[in-house]
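J.: Here you go, one structure.
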Amino acid sequence: MADPSECNVKVVCRFRPMNEAETNRGDKCLAQFFNDETVNFCKMQYSFDQVFSPDQTQEHVYTACARQIICDVLQGYNGTIFAYGQTASGKTHTMEGQLNDHLKQGILPRIIQDIFGHIDSMDENLEFLIKVSAEVQKNWDCLNTGDVTKTNLSVHEDKNRVPFVKGCTERFVSSSEEVMDIILKAKVNRHVAVTNMNEHSSRSHCIFMLSVKQENKKTKQILNGKLCLVDLAGSEKVSKTLAEGSVLDEAKNINRSLSALCNVISCLAEGRRCHVPYRDSKMTRVLQDSLGGNCRTTIICCCSPSSYNEAETRSTLMFGQRAKTIKNTVVVNTDLTAEQWQEKYEKERRRRRLLQSLNHRLQEELACLRPGNYDF
């Protein structure tokens, strides 16, 4: 592995336009935009790495948030993008958009197309192996051909102590078209329901992962990059969504897992060496590397400008402010060649000999300083 480097979690903020219900109700627009990095909301100013006003296009958001992560993943880094915010704040529009409309496509379809575009233009000596997986909140396998509700998967750790979902279906792919087919299948298995806030409210978090292994046929160097795209279900106030029955139960589970995420963010933002409660939910367990670990992470805070959602928007903005202070330590993920392992072994041998020599010299000096060993 290369030497680690520290980087902050990147946090951007996107406001959607006022919707028809808010306009008809006579809600006030509380957001004011003066530049690309700050927003005034309820007379309070919030700063982010970038702020997107309601008139910003999908292409503009994608270029600012996601394009660099493609290069990172193809250079052997881990990259994560996830959208956070209340229900009906534009998260799924930002992450997915309309898959079959080029102008309205979100980050997911655009980043898939660009990854394969980059691969096609790279050195012909590079050989790629790409696989994808998708799971939802209860770690149901979205690519399973049977009943997804019967595949409640558990989270384990690999040899490097990186969490992964054991047994989740992984598909090897060779084109963006194959990946898009898989995304459409995963969407079918992701549950949505009608609420008073959103006609197509997502009832679960969805995590899409794409792993890229590349080998240089000349040098035998292997790089392993991983891309994680997360569309979180929205936090909800039951008094607004009017959820009931199974939808109400889902809302409780959603809010519980989002609360666990907020607790993790708060602990990391404090910067003290304290216990970080990653294990409080499966979602935070899976995202552990993205928050405080080995990953270049971008969080998109999706907000409503409406006075009707004032409390929820303020909460989202404060979440983003805390997340901005989190630092990750990133390294290139490499599989060492035989020559590199030999070089590493020799380097450790030299280091061990140096330490032994230093220890021997210090022992001699210590012996000279003991009582009875003084020469007068």
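From the backbone N, Cα and C atoms, a Cβ is placed for every residue, glycine too.
Quick paste from TrEMBL:
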- 8-326: domain 'Kinesin motor' (DOMAIN)
- G85, Q86, T87, A88, S89, G90, K91, T92: ATP binding site (BINDING)
- 338-365: coiled coil (COILED)
J.: Determine the mean pLDDT over the coiled coil (338-365), rounding to the nearest whole number.
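T.: Averaging the confidence scores along the coiled coil (338-365) gives 88.
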J.: Given the binding-site residues G85, G90, which one is most crowded in terms of C-beta atoms within 10 angstroms?
T.: G85
